[in-house]
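Listed in Swiss-Prot for this protein:
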{"type": "ACT_SITE", "residues": "His100", "note": "active site"}
{"type": "ACT_SITE", "residues": "Asp103", "note": "active site"}
{"type": "BINDING", "residues": "Glu231, Glu267, Asp295, Asp338", "note": "Mg(2+) 1 binding site"}
{"type": "BINDING", "residues": "Glu267, His270, Asp306, Asp308", "note": "Mg(2+) 2 binding site"}
Amino acid sequence: MEYFKNVPKVQYEGPKSNNPYAFKFYNPDEIIDGKPLKEHLRFAVAYWHTFTGTGTDPFGASTMQRPWDRFSDPMDIAKARVEAAFEFFEKLDVPFFCFHDRDIAPEGDNLRETNKNLGTIVAMIKDYLKTSKAKVLWGTANLFSHPRYVHGAATSCNADVFAYAAAQVKKALEITKELGGQNYVFWGGREGYETLLNTDTELELDNLARFLHMAVEYAKEIGFEGQLLIEPKPKEPTKHQYDFDAAHVYAFLKKYGLDKYFKLNIEVNHATLAGHEFQHELRYARINNILGSIDANMRDMLLGWDTDQFPTDIRMTTLAMYEVIKMGGFDKGGLNFDAKVRRASFEPEDLFIAHIAGMDAFAKGFKVAYRLVKDGVFDKFIEERYKSYKEGIGAEIVSGRANFKTLEEYALNNPKIENKSGKQELLESILNQYLFTE
């Protein structure tokens, strides 16, 4: 069965094309810095938003028109989604996809039945992977949707829930390895608290660390060679989540001796919910060598929640790819579109249009960022701005030879301090020049 009959294979046609099913800026085989653009960007489709999203919200029922919804049996729907997914990957020519365990197979009446369902669908996906160009960027376990996780998973007050979550992650690690996944993600949507009045914060954080250490050990035991990732988010669905932002996660990893095993999967919306620009989170992760992968989307800044819109802001994508290029590019990570079409964009064709828009936005952003890095636009200014640390008292500070006494003596004998302009407006103007010209 063909699920997307109205959509041809998506091709690159250039910026003057009016074809909604064509790339305008993303030419996957375009060589930049000795490597095809598709290898720089490593795009991935999010299985959950694309194939299981219904369009429901707190005020209304589902709106999405999906051809696989004609089935009633959950396993029949799951099988149809696999067929539709690989047709989608092929037509979009996307190299990767990501999934939660509960995205690909329905939960059964008990853990054994659930794992049996997973086994059936994983076998089906494996067959498709034999002939498909698409690969698994990362897998993960859904430890937030089922009512058992009302108090959390690894941080639950109920040890039975901790045990169930461990069993679920064990299976998710196994199937991610079986499907050739290059990463495994932990996102603690329920790992946090609503009120401190009933929370043993120390025990919860200690238990979260114990859980992650167990995961590390099991990944080693089964020979999983992918990168383990943690995805920060400050809130939603939980009022206060322990993986608040990149700095919080890094401090947690350092405290519990986990920093050598984990990197971060940074999402745009999660950064802004934490009160940061996306580039801030990427920069912090990059300079601490913990930037692993990206969940690409965009937030409506007039709304107070995680809107998961497809990214179309070229300035944002440019500054994001600037950090990725400065890092040396992705290793095992990539750009996963953790984004959903709007509730009113309910036709199956909208899934392609949305992904094309996001892929074009990041392709354009990458090209602009590459020119910025190559020309040293910001590097030259920053080097000049901090040149006082290259010689004299600045060099003494950086080398560790200075102390409070020597610095006081210097300050007493150097009463005149001269600062220079930060030139923010000039730099923003230069950025605009690069954005609006080839």
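From the backbone N, Cα and C atoms, a Cβ is placed for every residue, glycine too.
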(request) Going by Cα-Cα distance, pick out whichever of the binding-site residues Glu267, Asp295, Asp306, Asp308, Asp338 is nearest to Asp103 (active site). (result) Asp338
(message) For His100 (active site), which of the three DSSP-derived states applies: helix, strand, or coil?
(response) strand
(request) Count the Cβ atoms, other than its own, that fall within 10 Å of the Cβ of Asp338 (Mg(2+) 1 binding site), considering every protein chain shown. (result) 24
(request) Sort out for me which one of Asp103, Glu267 has the most neighbouring CB atoms within 10 A, since those are the recorded positions we care about. (result) Glu267
(request) Measure the Cβ-based neighbour count of His100 (active site), defined as the other Cβ atoms within 10 Å of its Cβ. (result) 20
(message) Which one is it: of the binding-site residues Glu231, Asp295, Asp306, Asp308, which Cβ has the fewest other Cβ atoms within 10 Å in this structure?
(response) Asp306
(request) Determine which residues of the same chain, besides Glu267, His270, Asp306, Asp308, have their CB within 8 A of the center of the CB atoms at the recorded Mg(2+) 2 site, and list them by sequence. (result) Lys233, Val268, Asn269, Leu273, Asp295, Asn297, Arg299, Thr307, Asp338
(message) I want the residues beyond Glu231, Glu267, Asp295, Asp338 whose C-beta is within 8 angstroms of the mean position of the Mg(2+) 1 site's C-beta atoms, in chain order.
(response) Trp187, Lys233, Asn265, Ile266, Val268, Asn269, His270, Ile294, Ala296, Asn297, Asn336
(message) Validating a neighbour-count step here. Other CB atoms within 10 A of the CB of His270 (Mg(2+) 2 binding site): how many?
(response) 29
(request) Just give me the nearest neighbour of Asp308 (Mg(2+) 2 binding site) among the binding-site residues Glu231, Asp295, Asp338, Cα to Cα. (result) Asp338
(request) Compare the Cα of His100 (active site) against each of the binding-site residues Glu267, His270, Asp295 and report the nearest. (result) Asp295
(request) Could you check what DSSP calls Glu267 (Mg(2+) 1 binding site) once collapsed to helix, strand or coil? (result) strand
